[in-house]
Each structure stands twice: as C-alpha cells, then as structure tokens.
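What TrEMBL records for 28-217 is domain 'tRNA(Ile)-lysidine/2-thiocytidine synthase N-terminal'. The annotation ATP binding site is assigned in TrEMBL to Ser33, Gly34, Gly35, Ala36, Asp37, Ser38.
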Amino acid sequence: MTNPSPWQEFCDAIESAWPVSRYRDVGVVVGCSGGADSVALLRCLAEATRPRAGTTPPSGFIVVAHFNHRFRGEASDGDADFVRRLADQFGLAVEIECGDAAARDEESARNHRRAFFRNLLGRYGARYLALGHSRDDNVETVLYRMMRGTGPLGMAGVAPFRPFSEHPSDSDFVIARPMLSLGRDQIRGALRSIDAAWREDASNQSNTYRRNWIRNELLPAMETQFPHAVTAIARAVEGQRQWKDALQSVIDRWIEDQQVREAPLTLRRLDRIGGGGMPGRDWEQDSGAASPAEQAVAIEALRRCWHRAGWPLRDMGQHHWTRVVEMLYGGGPDALTLPGAVDVRRDQEAVVFVRRDPVFP
Ligand SMILES: Nc1ncnc2c1ncn2[C@@H]1O[C@H](COP(=O)(O)OP(=O)(O)OP(=O)(O)O)[C@@H](O)[C@H]1O
C-alpha cells in the first residue's frame, strides 16, 4: 500500500474532525481570507462535497465569503480577486464585502467581518460558518490571552464547534473550526503537494500587532530551546478544553442557584445559604470563607455574568474578582466600586451589581 499524499492526509484529518456527512446536506459559509489555512479548508470542503457518479448528490451548499478590509490597498483587492477566482474554479457562490478602510483597528475589523458572516448565514439559511483556524493560531491565542490576563476557561483556546453567539436569534448557527489539530506547516505542505496557490499577507510579517510578535518572535525563540513547544502547548490547551466542558456545567448550576435577578444583577449571599452544593464545600467547612474550588467556580461564573451584561472585563484583575467573592461569602467590604463603573453592594440576603452610566459606553 502506498502512503497517502500530504494532501490526502490533510483531508483525512479534516474528515475525522468534521465528517462530511455532518455538513453535506446543509449550508456552509466558508470564511476565506485567501491565506493558506482558509484556502486549504475551502479546497478540502469543496472536494468532499463534489457530486460523485453513482452516489446521491449532496443537498447542501457552500458559499465562499471574503471580507475585503482594504488595509493593504491593491494587495487587498488582489486577495479578493484571488478568492473570487478560487470559488469560480469550484463552481461555488461567492460573497465579497468591502470594509471601511478608515476602520483600521483589529477589533472593529473583526466586528465588521463578524456582522458580514452573520448576515450571510441568515440570508442563505446556512447552518455552519467554517473558519480556518489552525493549531498554531490556537496556541498564539492562548499565549496572548495569558499575557493579557485570563482565567482557566480562556486557556482552553477557541472551540472546534460552538454556537455563533449566545444570542437566541443566533442559536441555529454554528462556528466550525475543523483544522484546530493541524499545524501551519502541515497545511502549507499539503497545499504545496497539489501545487495550490494562496495569498501571503505581508502584514503578518510585521510585528506591529502583538499577535504577530507572538508568532514571529516569541514562538521561534521558545522553539530554539524547546523544539516541540507548540505541540506541547497545543496538547495542554486541548486538555484544558476538556476540563472547560466539565467546569461549564458546574458554572451553569452556580448561576442557576445563585442568581436572583439579571437587571440589576443580583446574586444570593453564599454565607446565608451555605454554599449551594459547590465543589469543595467540605473544605474547612466551618471557616465561612470560600474554598479554593468554590472561589474558582464563583469567579468564572461572575465573568460570565459580566459578559452577558456587556460590562468591560479587561481591567478586572484577580484581586477585584476575589473581593467580590469575599462579599458573596459575607466577608470583605459592604460596598465596592469596580473598573468599568460597576458598583457592588451587599443588601441583606443578596449582593447587587449596578453599572453607572459610563461616560464612553
Ligand atoms: N478577510 C477575511 N475574509 C473572510 N474570512 C476571513 C478573513 N480573515 C480571516 N478569515 C477567516 O478567519 C480565520 C482566522 O482568521 P486569521 O486572521 O487567523 O486568518 P489569516 O491568517 O488572515 O488567514 P488564513 O487563516 O486563511 O491563513 C481564517 O482562517 C478564515 O477562515
């Protein structure tokens, strides 16, 4: 038996992460930047769903979506042309939207792209948004989050499958990232083996963005001492993802047990109700304080409440969360002001959180 080609190996890996039977009969929007990762993904999905003689043709469809951020002038238009030609080559529908060249920061660019994808999912009635995040992207994301400050859930990286958003109107849409176990080099090697072209984004080479610095400077420096650093970190991230799933269900229960109201956010005082069956409650049960496990769960649950309320998380440090947990357990101050103008006060059986009108909402 001959060894499978690099391209075949790549497609087999995608098939095992995301079997074609799951998407061949529904709509898939493929986000394609023109870069190697999303070009490889697009080619692989197009081949997997191509009608074959003697078999029932798939009833689903693929829409290729490209957002032209216009950050790089002619080069950006070149990316858009490239993606259009690639889609034509496979006979796929293609949607291209141009961004506002003035919206240059990464955050607003990402938001525009996201809105574009959301609109296409709704308009076409598609189920999946397929994105080409690789194992390396995930490792970079986790390192980035760790250096900016994150909790144990953030260290699980991005998920291979997750709802498009928590908003109920988005519940039919799923983001699929079937390439998270594949390394950037392997993906490029697979494309080279079939002589397939892609667009190289020159701005990825510059270290203007801190993400690019992690990719171009930090990781190569780590690999001089630990040649398998990326694989090792990716494995840790994968393990963390499994713990995340377990922790999620404990957090769901915490919020269900503790939350009295959402507006204003009102949580039960844990010293009054005895911990609500939290993990680690046996730990020094008489002390009244939160056990380390309770504290970890409470902090992650609070982060989720913040997220839902749309409050800024960026300036909330570990010591802020710890003080809130102390208040929930009957210790700490009676009132507290947190970053983002969130006022917290103890109110008999409860702790109440109110965000004052921020000057810049
Ligand atoms: N401008 C864009 N238009 C459409 N989809 C995009 C665009 N930029 C990114 N994506 C999608 O989001 C994924 C992750 O984005 P990221 O910025 O990490 O990718 P990239 O490095 O620009 O390109 P690639 O991952 O395709 O090599 C891409 O793999 C692709 O699926």
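Every residue gets a Cβ built from N, Cα and C, even glycine.
Since we're looking at a predicted model, the values are computed, not measured.
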When the number of other CB atoms within 10 A of each residue's CB is tallied over all shown chains, which of the binding-site residues Ser33, Ser38 has the maximum?
-> Ser38
Residues lining the ATP site besides Ser33, Gly34, Gly35, Ala36, Asp37, Ser38 (CB within 8 A of their CB center) are Cys32, Val39, Ala40, Gly132, Trp198, Arg199, Asp201
Chain-internal residues near Asp37 (ATP binding site), provided their CB is under 8 angstroms and they sit 6+ positions away = Gly132, His133, Ser134, Asp137, Met179, Arg184, Ile187
Can you give the mean pLDDT for the domain 'tRNA(Ile)-lysidine/2-thiocytidine synthase N-terminal' (28-217), rounded to a whole number?
-> 92
Cβ contacts within 10 Å for Gly35 (ATP binding site), all chains included, total 17
So, in DSSP terms, is Ser38 (ATP binding site) helix, strand, or coil?
-> helix
